[in-house]
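In TrEMBL this protein carries:
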type	residues	note
DOMAIN	10-280	domain 'Tr-type G'
BINDING	19-26, 87-91, 141-144	GTP binding site
Amino acid sequence: MSSKLEKEVRRRRTFAIISHPDAGKTTLTEKLLLYGGAVHLAGSVKARRAQRHATSDWMQMEQERGISVTSSVLQFDYAGFKVNLLDTPGHQDFSEDTYRTLVAADSAVMLLDNRRGVEEQTRKLFNVCKLRRTPVFTVVNKCDRPGEDPFQLLDDVEADLGVECYPVTWPVLSDGKFVGVYDRIDDRVLHFHRGEDHGQTRVETEARSLDDPELERSLGADTLAQLREEIELLDAAGAEFDADAVRAGTLSPTFFASALTNFGVEPFFRRFLDLAPSPVPRETSEGAVDPESKSFTGFVFKIQANLDPKHRDRIAFLRVCSGRFEAGADVMNLRSGKSVRLAQPQTFMARDRQAVEEAWPGDVVGIHDRGSLRIGDTLADGTQGEYKDIPRFSPEHFARVRIGDPLRRKHLDTGLRQLSEEGAAQVFFAESIAGPAPMVGAVGPLQFDVLLHRLEHEYGVTATLERLPYTQARWVVGPQKDIDRVAAGYDRAQVTDSRDRPLILFQSEWSLQRTVENERGTLEFHSVAP
Ligand code: G4P
């Protein structure tokens, strides 16, 4: 008989949805919660999104603490699985946190608009998954309205991202209308019937095998003939299903759906839960740690600061990696060597925060912290190795920091150091006549507003930012004379990070690509800190 730990690990599915704004992430999330029974009527996530958009001011948004904190992780049960859906902030709050969340996920769902295919933000997020060999499942959304031909769309995805797609479901179109999906694994057609409630409840579905004579009657002879033809094409030309390739992130099981009408959502989700990995061993400085190992381990991937200056406490988001997490236990922060009490831990169920007594590998727990934790910290109840640092991702927005009162420089330095440790922005230094001048870099520009607000309210430093024209940064490895030579170009700058590692900033992607080509064999360029 398997132990409680094994059982809990094997039923966990921890994933994030990666998409470009407007592909339908909010709508899909809402439908998954609906199927998971976490909300009875779909609509609550949407309401929250409307609220978020209405308050475009991040500060105000954050002051309504409940909103952004609870939207970070959604946990619910579905078909015997314990699902942890990690929110990847998009829209105007796209930031390094979005990337870091992917490090905490065991798989990702890439959601595409059926007319637009792969878009910029999808590509960036997909590349982070690729780098980490995270399994990616593809959902082509909005199939209720005409889109790109599915064969063409998948060809484009494959060419763009360098991944193979394996359609697990295929859309059934009748007179151009999306009426069902064919499931290639069990060779059945799921024919959907539209309800009257605009997708607020489950969809009525009729399931028939491909050779069931009733199928022709319900779909119509032409529709069925076209479907058979497409299936033949898929079988003849497409990739084979290969579970190892899925786990390695090189083959993406692909689904067709309409989050708006719910068509295809449940067939996707069931297959996804079956095929997606439960927590797998993760690398530490002393080898891989198995999630079923008895010792508790986890790492911090996100810190949410409280903007109210009277309450300096923060919530650190801990991804449990092995063993059992127990509220109130004393564990060790392996970086600092100090003991940490797992005080007042919380999980997040739809809109509510709940106190949690125990958690298992794959779960994300919010713990109160008074400033002792940093992003990337490993917490453990023994002396295991540390989880490999969460990488710093290359920023795309840069600004020089200026302060009105030079006597506050020390406070500025402290603030920048602490805020960068916490992951609010990255700090770089450029040589200037007056010594190293601080610059900040961010993945999303909203991070700058947050930074200025926090410098002022937490460190008493009034600063301004002078935006710089760079859009690309690369950590660079090679002889210093070559770094100096390359950085001397007119649209470049050389800076160092907080650990004194050199980077070169570029004004354009084109300039960066050309330099990488020209310097092949001399310099190495890294988009993630080496
Ligand atoms: P996001 O979180 O990825 O940004 O996307 P969101 O779910 O907010 O969806 C963006 C728009 O796309 C919304 O329309 C939404 O209704 C629509 N949408 C989502 N899924 C589907 C789908 O399966 N089919 C179709 N046809 N549309 C879909 P909107 O007009 O911006 O908002 P609303 O007026 O519908 O609220």
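Backbone N, Cα and C atoms are what each Cβ position is placed from, and that goes for glycine too.
Summarising the environment of Asp22 (GTP binding site), the number of other Cβ atoms within 10 Å of its Cβ, over all protein chains shown, is 13. Averaged across the domain 'Tr-type G' (10-280), the predicted model reaches a pLDDT of 84. Secondary structure at Asp22 (GTP binding site), as computed by DSSP, is coil.
Reduced to three states, the DSSP call for Thr88 (GTP binding site) is coil. For ligand 1, the nearby binding-site residues are Ser19, Asp22, Lys25; that is, of Ser19, Asp22, Lys25, Thr88, Cys143, these have a C-beta under 6 Å from one of its atoms. On its own chain, Thr88 (GTP binding site) has Ala16, Ile17, Ile18, Thr98, Thr101, Leu102, Leu125 as residues at least 6 apart in sequence with a Cβ closer than 8 Å to its own Cβ.
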